[in-house]
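Listed features, source Swiss-Prot:
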| type | residues | note |
| --- | --- | --- |
| REGION | 1-229 | region 'Phosphoribosyl-AMP cyclohydrolase' |
| REGION | 230-312 | region 'Phosphoribosyl-ATP pyrophosphohydrolase' |
| REGION | 313-799 | region 'Histidinol dehydrogenase' |
| BINDING | Gln618, His621, Asp721, His780 | Zn(2+) binding site |
| ACT_SITE | Glu687 | active site |
| ACT_SITE | His688 | active site |
Amino acid sequence: MVLPILPLIDDLASWNSKKEYVSLVGQVLLDGSSLSNEEILQFSKEEEVPLVALSLPSGKFSDDEIIAFLNNGVSSLFIASQDAKTAEHLVEQLNVPKERVVVEENGVFSNQFMVKQKFSQDKIVSIKKLSKDMLTKEVLGEVRTDRPDGLYTTLVVDQYERCLGLVYSSKKSIAKAIDLGRGVYYSRSRNEIWIKGETSGNGQKLLQISTDCDSDALKFIVEQENVGFCHLETMSCFGEFKHGLVGLESLLKQRLQDAPEESYTRRLFNDSALLDAKIKEEAEELTEAKGKKELSWEAADLFYFALAKLVANDVSLKDVENNLNMKHLKVTRRKGDAKPKFVGQPKAEEEKLTGPIHLDVVKASDKVGVQKALSRPIQKTSEIMHLVNPIIENVRDKGNSALLEYTEKFDGVKLSNPVLNAPFPEEYFEGLTEEMKEALDLSIENVRKFHAAQLPTETLEVETQPGVLCSRFPRPIEKVGLYIPGGTAILPSTALMLGVPAQVAQCKEIVFASPPRKSDGKVSPEVVYVAEKVGASKIVLAGGAQAVAAMAYGTETIPKVDKILGPGNQFVTAAKMYVQNDTQALCSIDMPAGPSEVLVIADEDADVDFVASDLLSQAEHGIDSQVILVGVNLSEKKIQEIQDAVHNQALQLPRVDIVRKCIAHSTIVLCDGYEEALEMSNQYAPEHLILQIANANDYVKLVDNAGSVFVGAYTPESCGDYSSGTNHTLPTYGYARQYSGANTATFQKFITAQNITPEGLENIGRAVMCVAKKEGLDGHRNAVKIRMSKLGLIPKDFQ
């Protein structure tokens with residue numbers, strides 16, 4: 001049983017100064033009326049208190065927030081008697097276990113979860129008033145004894161609840177134990193207070209005090225120091241503990257400090273790759289084990305290596321137990337499926353979804369539903385980088401040989417040369433129709449016009465002071481590498497969207513990279529045609545991280561570029577981020593990238609076929625594409641018409657299987673007004689924003705975050721993707737808050753210059769010297785002082 005006193009925390013500032021007292025009690029009550037949602041979660045997640053209760057004020061927290069509390073360390077909810085209906089709602093509607101909801105009855109809260117104890121109002125004490133004397137009084141007021149000597153039977157256990165010994169306590173020893181925070185008892189043989197370890201050095205840190213169910217015995221939870229509790233130098237007065245997991249942890253901690261260099265355990269600690277490999281090996285052997293004996297044997301091996309990893313990283317079994325305790329408290333649990341790489345892949349026929357191809361529908365007032373709808377897929381950055389890093393390093397070190405090896409491995413094509421040099425052979429244009437040439441020529445010309453208009457024609461000059469002329473002028477980035485994805489679609493449009501601005505900006509060398517076709521080892525003739533039109537010098541016949549690495553570092557036949565641009569899958573993006581941060585590469589990138597996305601805002605007057613076609617044109621990019629429709633005052637009839645149009649059009653598309661899977665996680669969000677819809681769009685920051693609303697042009701001024709905007713019913717995203725003239729290389733994953741889409745300036749850098757006359761030096765020189773002196777940079781100051789002295793602009797004795 002815990003002590004009947006319940007410390008109340010109404011501000012976290014008081015916690016640190018009183019932490020040791022609360023730890024001794026083992027329970028705490030968080031004041032929900034004073035603490036914020038964030039403060040409650042911070043405390044319950046981070047602080048190791050066995051019992052964390054929360055007083056729940058009426059109406060302050062949403063259902064989702066309350067569930068989050070219970071899922072993250074709050075054990076019980078204390079509810080005032082007048083709010084009994086709240087308790088009913090939690091139990092009946094949210095399926096919160098009844099024992100975790102404590103309703104006040106006659107001024108008493110009867111806690112039933114984890115520990116059974118009644119807490120009266122007078123025992124709920126502000127943490128600010130908590131003191132050692134108060135704790136001593138509570139312990140002595142709770143425990144009783146029928147022994148003639150007035151001593152209290154005391155069981156001493158360690159932090160793992162293992163019995164160390166049976167001793168006795170007196171009132172004075174209890175007071176001293178609380179005062180010192182140490183294991184202090186009463187010695188019957190010496191007839192005096194006994195501070196454990198005072199002479200032997202085997203002391204104890206006191207962690208918690210509690211009583212048994214009848215309050216006639218005490219339990220001290222302690223952290224034992226040095227060799228053990230018993231005078232015979234064993235951990236327990238009942239003999240040594242069985243080795244077990246705690247014993248193994250103790251042994252490994254010792255081995256971490258003193259294992260010989262040639263020992264296997266030392267090798268494991270020194271070689272993390274070996275340790276990780278052994279954990280995976282033993283885990284696999286455990287899954288293959290049969291029968292009780294073999295299973296227990298393989299589990300023991302796995303525990304050994306897992307514990308070695310914990311010890312090597314300063315993680316204790318207690319830390320693991322705390323996590324298990326936290327998970328035990330959860331009232332909602334994960335689905336529990338294994339990661340795809342650990343389960344057999346179902347056949348394609350089994351993967352196909354069935355039924356109508358419809359979007360989910362949520363109201364804007366449903367905050368949880370909206371948050372789910374606007375949430376982007378989680379990028380497993382660390383896992384992806386773990387796969388990408390070796391590829392980059394191998395290409396960097398081995399050049400073409402590594403590139404050819406990866407092309408054969410990942411693209412299924414065995415090449416003798418990874419580079420196609422200009423002028424490109426005629427055979428690479430086979431299959432290119434005149435109709436396609438005309439379409440590409442029109443698109444190239446429109447993109448050229450729009451991007452040429454962005455090209456600065458004059459140097460920017462500003463005279464900031466008389467005689468101080470500042471200027472800024474553009475220069476092309478000399479060598480650029482343009483990544484053209486392959487995969488599930490041929491994308492000559494990406495080639496022209498990147499190649500044309502590079503040509504307009506007058507980059508000296510343009511290098512394409514695109515994965516070769518498995519059928520013949522070539523890239524599509526459309527991509528080669530665009531490469532020729534924009535003056536590309538080379539096409540690297542490779543994709544993925546290996547292509548990025550080849551352009552970033554250069555190989556025997558591939559020039560090192562200064563900037564890499566272009567979309568790609570998560571491996572391409574990870575590789576771009578890697579080389580951008582590697583000073584050896586000295587290579588920048590255009591922007592981070594994620595799955596393609598569209599947000600359409602439509603009202604009751606929107607053409608349902610137009611809306612459906614815009615949604616589907618994005619959905620066919622891939623199953624991870626983001627497709628969101630924000631409806632403004634849509635009727636039920638209109639919503640159904642849109643759903644029907646999506647279904648009927650989708651069935652006509654060759655990539656219907658991809659579309660079906662994408663639409664399965666896509667959503668219609670219903671708003672009450674245009675401003676609310678635009679606010680939601682700005683929060684999401686879509687790659688593509690389509691406005692299919694009345695007077696669409698009037699609302700463009702409300703757009704703050706978007707890659708590109710498509711205004712009005714007759715402006716489908718497809719036009720911007722191919723031929724209108726704007727660029728389709730746009731920021732995704734919410735990066736439209738910080739990044740622009742590709743443009744002419746993307747392929748340029750801007751250099752500043754200044755030209756200062758003697759008059760100008762006189763006007764700004766004293767300011768320069770003043771600031772330089774303050775910063776302690778005398779060299780900077782002297783560079784101005786010497787010039788001004790020679791010009792006679794300052795006295796010779798100027799300091």
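Think of each number as a place in line: the chain as shown, counted from 1.
Even glycines carry a Cβ here, placed using N, Cα and C.
Taking the features listed in Swiss-Prot, we show where each one sits on the structure.
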residue: Gln618; record: Zn(2+) binding site; contacts (Cβ under 8 Å, 6+ apart): Ser596, Glu597, Val598, Ser625, Gln626, Val627, His688, Glu717
residue: Glu687; record: active site; contacts (Cβ under 8 Å, 6+ apart): Ser596, Glu597, Val598, Ala706, Gly707, Ser708, Leu730, Pro731, Thr732, Ala736
residue: Asp721; record: Zn(2+) binding site; contacts (Cβ under 8 Å, 6+ apart): Ser493, His728
residue: His780; record: Zn(2+) binding site; contacts (Cβ under 8 Å, 6+ apart): Val768, Ala772
Going by a 10 angstroms cut-off between Cβ atoms, which of the recorded positions His621, His688 has the sparsest surroundings? His621
Please work out the mean pLDDT for the residues of the region 'Histidinol dehydrogenase' (313-799). 92
Reduced DSSP assignment, His688 (active site): strand
By the DSSP assignment reduced to helix, strand and coil, which category contains His621 (Zn(2+) binding site)? coil
